[in-house]
């Protein structure tokens, strides 16, 4: 019979905001037998029809104009014949999609180092938007504004600048508000920002906090488990740093972490330990400020203990505990099948006390689903639990005759799961009816499981689980695996001089078969015993083993058994057995001579292990004789070394060492060759040291090793050898037994001297007489460098330097060139005394590939490859810099070598918009510097292509003290004029104006700002014309003159009124005469510029 089940909710709704009917989805699903039905309650009233199978509430089919009717608070109830389960209350908010009101473009103008707030005021919504500040990049793509300690987006979405810099100027700041639930992005109207240079001399500003008072606290109420951000965004120059601290304890004891470059203190999940006083401090070199926060952490209701859904039998008493916590303390209410207990029919068997539901003497009709709901001002939680009163016969659900296996010392759980109503009572017994209740290692769990800790080998056996008052039981079998017991009854048999047989009886295997036996021995002489060591291993089915013995040793044996769990303890040792002595089985190894002093022979060897002495009175018998013939000399010693005196210097000896004891000597030893000590007097036999061929030498050596020295000399023909290491000595080490050696790594076309000397451990002999030889010519190396120069659009000059290693006499060069676009190669042969080549009639603005090779009589060397091109189109300078002085401003740039920057134009205007002018200079592509008087703005261009504007500081003229001084002087002059006017009124006319009218205007009118925009692009033919038109119309200064002869720097200075006060400066005085125009080239050097005219001439004004 299928057992009925009360409804159990498995999917719950959550509060949402809906902007369209399609956004309405409130899920509600439950299990149960029979399948539950679903209904919704909105604001305490039935909403909609009863649903079958799935209780999810959807907005499909709702008209958009009716969506407001769905706003409210909802519960879902799932019911079957055993009860009703209920969800918590959720809220459905209905809003229209956010839209932006009409906005005007905002323009802001600030001086650098001032603070700034760019406001972003998106429409309010129950789902706050994500704020993104962006602007357009040079690729017309929207990119995020990069945040830093200076620039931060706050919690309110505004963007805060601690101080602005010139680079902050932009035309299109855009605040984008992204509403994820509404699937809407609202870009606000663009904001333009212009930052101008600050000339007020203020270099520092004390920090101030945006939106915060330094003398007040901010009180913050936050909830346990929620996130929190404390914010301190400072302004000031230099950019302040921000630090945080917790006043009443250490910040490290909280869950806080700094974010947003220290401007935020973030709590990802608040706990009660985060409650307290916090302070942020902003500091820079000019001072500091602080602001305090009082964080109070409260809590929504949360569960401490929830009641469990269980089966009950008639007559049982129930106590369901519903324990919650929260700040403030939550209120607990109980409901039955979705109806508050207070509204259910009174029953004296049922009561609620301090969150505990009590039911006495349960009956079948008490089956129901109970709801425990806890709430405080921050929210509510709800838990469903069912009480199912049913009467069922007891059953054991676990399998019978299960075998449990474990190892000694581990814990084991043996299952006996039961079912029934009332709940069956389970007992466990050991085989034979032994009770387990007296064993402290045994526990009986509520589900009938028997738990035994630290099991022992004796716990193995049969266990029985039974239900009281019934004839129902199952058996369980426990097998405890342990290492085996040690073998026993060790005995020795078949005793021989060098072997015996060891036998034993295996111990108990303890439920895991023995896989191996380990035989250990303690070996030694009667005077000394060694530690136990492993001697042999054998399989687990063997109980005896033949063992080999070492003569003159005493043995004891023991055996260990091994299974899958581990090794057994060792057995008791066997009786001791001593093997009789015998002559040694082996002789010492590594016999050699280590002679040092002349006239002596020192013989050494490796000593024999004591276990291999095989008998008492062990010694070494040393043999030696000169050469390999003659009588053997011998002597006996107890150990190495052995010294033989009065020998010849470095004489070979045949040597050997034999092991002996009281029973005799070991086997015949092998002999070795050793030498007596060396002497330091060495000499090369000159008549046998000779040179064979240009690079191979042979010679005779007296002793062990030889040495060759190679000295590089001048090459043939008297020219010095090129490359590193000229004249250096090279040493080649050769084995002493060799009489020839090939010397490699020599250079072509070079002369060498070679000599040979011998050496041993005592020193080195004198060198032999040097032998001279020369190497042959070879192909040269590649040229050291190759550069290109393009004097015009159709000309190219290739320059190069000779190879670092010519490897012979250079006979010339081969230059191969071709256009990059797969054109045919052209080859030019060039004499060796030429290091440049002129190419004419080339295509303008074209690229060429060059390969240059040097050649000698031996052949052509490797090529040096390079790429060159004729003159390319001009580009404006991109590295213009301005340097303001007291009375002048230096304008500097470095034109590109690859482009036709024959001329540069710069315009200047006074800050008052009245002064200014235009200046054009033909530079010839060299680095240039110009100086302009204070109080001007500059604009430079290369050729006819404009670059950029640059703001110029006016020096002391813009300082406050200077302005004050000028103001005082003007005021004094005004007083004097008033006095003069009074005097003239009394004494007649004073012809000041007539005198002034007679004077000419000594200052020409400057160009106005409007002229700065008069740049234009010309076609290619105009660009390639020999004479470029000046932006200054007819006002030129040296427009066709090159400054290449005057070095890399040209200074031009102007007074504050724009008049010329300087002249060209360079490394050479300017010669007079030749004033031809046109670009400079190496074939036709550029003439020097003329002496600079007065500024009135430059600006084409009458003087």
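Backbone N, Cα and C define each Cβ position, glycine as well.
The domain 'Ig-like' annotation in TrEMBL covers 7-93 (among others).
Sequence annotations record features per position, and here TrEMBL assigns domain 'Ig-like' to 98-192 (among others).
Summarised by DSSP class, the composition of the domain 'Ig-like' (207-296) is 6 helix, 51 strand, 33 coil. Per TrEMBL, domain 'Ig-like' is recorded for 207-296 (among others).
Taken from TrEMBL, the feature domain 'Ig-like' covers 301-388 (among others).
Among the features that TrEMBL reports, domain 'Ig-like' is placed at 394-479 (among others). The average pLDDT computed for the domain 'Ig-like' (394-479) is 89.
Annotation source TrEMBL lists domain 'Fibronectin type-III' at 483-581 (among others).
Distant neighbours of the region 'Disordered' (566-596): 483-488, 490-492, 495, 497-498, 500, 502, 504, 507, 518, 520, 522, 526, 532, 549-560, 602-608, 612-616, 618, 620, 641, 653, 655-667, 669-670, 672, 674-678; these residues of the same chain sit at least 6 beyond its ends, with a Cβ under 8 Å from one of its Cβ atoms. Positions annotated as region 'Disordered' by TrEMBL: 566-596 (among others).
If you look up TrEMBL, you'll see 574-586 marked as compositional bias 'Low complexity'. With helix defined as DSSP H, G or I and strand as E or B, the compositional bias 'Low complexity' (574-586) counts 0 helix, 2 strand, 11 coil.
If you look up TrEMBL, you'll see 587-679 (among others) marked as domain 'Fibronectin type-III'.
Per TrEMBL, the feature region 'Disordered' maps to 706-727 (among others).
Positions annotated as region 'Disordered' by TrEMBL: 760-780 (among others).
Residues annotated as compositional bias 'Polar residues' in TrEMBL: 760-777. Sorting the compositional bias 'Polar residues' (760-777) by DSSP state (H, G, I as helix; E, B as strand; all else coil) yields 0 helix, 7 strand, 11 coil.
Per DSSP, the domain 'Fibronectin type-III' (782-874) is made up of 0 helix, 51 strand, 42 coil. The domain 'Fibronectin type-III' annotation in TrEMBL covers 782-874 (among others).
What TrEMBL records for 961-982 is transmembrane segment.
Here TrEMBL flags 991-1012 (among others) as region 'Disordered'.
Among the features that TrEMBL reports, region 'Disordered' is placed at 1059-1103 (among others).
Applying DSSP to the domain 'Ig-like' (394-479) sorts its residues as follows: 3 helix, 43 strand, 40 coil.
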